[in-house]
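As recorded in TrEMBL, the features of this protein are as follows:
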type: SIGNAL; residues: 1-17; note: signal peptide
type: DOMAIN; residues: 27-333; note: domain 'Plant heme peroxidase family profile'
type: DISULFID; residues: Cys37-Cys118; note: disulfide bond
type: SITE; residues: Arg64; note: site 'Transition state stabilizer'
type: ACT_SITE; residues: His68; note: active site, proton acceptor
type: BINDING; residues: Asp69, Val72, Gly74, Asp76, Ser78, Glu90; note: Ca(2+) 1 binding site
type: DISULFID; residues: Cys70-Cys75; note: disulfide bond
type: DISULFID; residues: Cys124-Cys329; note: disulfide bond
type: BINDING; residues: Pro166; note: substrate binding site
type: BINDING; residues: His196; note: heme b binding site
type: BINDING; residues: Thr197, Asp253, Thr256, Asp261; note: Ca(2+) 2 binding site
type: DISULFID; residues: Cys203-Cys239; note: disulfide bond
Amino acid sequence: MRLSLLLLLFLVAPAAAQLVAPPVVTKLSPDFYSQSCPRAERIIAEVVQAKQMANPTTAAGVLRVFFHDCFVSGCDASVLIASNQFAKSEHDAEINHSLPGDAFDAVVRSKLALELECPGVVSCADILSLASRVLVTMTGGPRYPVPLGRKDSLSSSPTAPDVELPHSNYTVDHLIQLFGAKGFTVQELVALSGAHTLGFSHCQEFATRLYNFRDKGGKPEDFDPTMNPSYAKGLQVVCKDYLKDPTIAAFNDIITPGKFDNMYFVNLERGLGLLSTDEELWTDPRTKPLVQLYASNSTAFFDDFGRAMEKLSLYGVKTGADGEIRRRCDTYNNGPVPK
């Protein structure tokens, strides 16, 4: 993966359809493994922290995989299922093609370590939830509760992600509708968007803001005029060959890309938002006050983000006979259960 950041820092540093929401399950407990696998959280933390130190984009990747998992049928590790010649999975959805391998590797390594310690006990869904919290905290973000006891899914849809996940060109209206259909408020939408303080986006996700841009009246512009001019021109240089090389990307937060902080929101005020959805959050009157709050008050952002992540981690959880504890995170124990 080629991340062209130095040029951008030099240039700007001075400066949905109605969906039926699965139920939010709350019959979980942070102490779920206290007897059956008391070292579970420590083992996961050791594995993913080592992975993050070796590959600093791991935190953003795990967070993205966690969101893509939870927002599609619930937090059930369905996104981890690998496709095979007999059945497709969420991996085949176009929006999931760019999910980073380092994130999946962090979960797989954690599972292998746990299977040595307490085989058949800790679900892959719980591993992904805990790994996300560990990495948020490790990169400077808040520590929030993670109730445990999820089961892993018995199915994985190759079509649902492209329908249920937000896309980079969605309007705020569409985002509010999508999140609202799953029981999330506008405040939670904005708080969760703050996860873009980590990670990167491929140029194809924001190229329409850089090349052949036209305003609402059809007038051609050199780039989206809502963007900081130096930032936009720098991105044009970085992304000029994105059609030849789709792996070219830029950091979502060019100021502190490896730190979990509130700089994402500060950047929006400065015209340094990367995606069109970022700019939408800044300009829409329903979301702008929250962007301003989080830009000026990191404690408020951390508190709201932590609460939103805890709520997200409970979305659509599978328990009892509705799921299983996979022996391997990328495959079912006995094959998928037809719906």
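Counting begins at 1 with the first residue displayed.
Each residue, glycine too, has its Cβ placed from N, Cα and C.
TrEMBL annotations: computationally assigned, not manually curated.
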For the recorded Ca(2+) 2 site formed by Thr197, Asp253, Thr256, Asp261, name the remaining residues of the chain with Cβ within 8 Å of the site's Cβ center, in chain order. Leu198, Ile255, Pro257, Lys259, Phe260, Asn262, Met263, Tyr264
Between the Cα atoms of Cys239 (disulfide bond) and Asp76 (Ca(2+) 1 binding site), what distance do you get, rounded to the nearest Å? 36
Let me make sure I understand the structure: which of the binding-site residues listed (Asp69, Glu90, Asp261) has the fewest other Cβ atoms within 10 A of its Cβ? Asp261
Which one of these binding-site residues has the most other Cβ atoms within 10 Å of its own Cβ: Asp76, Asp253? Asp76
Once Asp69, Val72, Gly74, Asp76, Ser78, Glu90 are set aside, which residues in the chain still have Cβ within 8 Å of the Cβ centroid of the Ca(2+) 1 site? His68, Cys70, Phe71, Ser73, Cys75, Ala77, Val79, Ser153, Ser156, Gly316
Cys124 (disulfide bond) to Asp69 (Ca(2+) 1 binding site): how many Å between their Cα atoms? 11
Shortest C-alpha distance to Cys118 (disulfide bond) - which of the recorded positions Asp69, Val72, Cys75, Cys329: Cys329
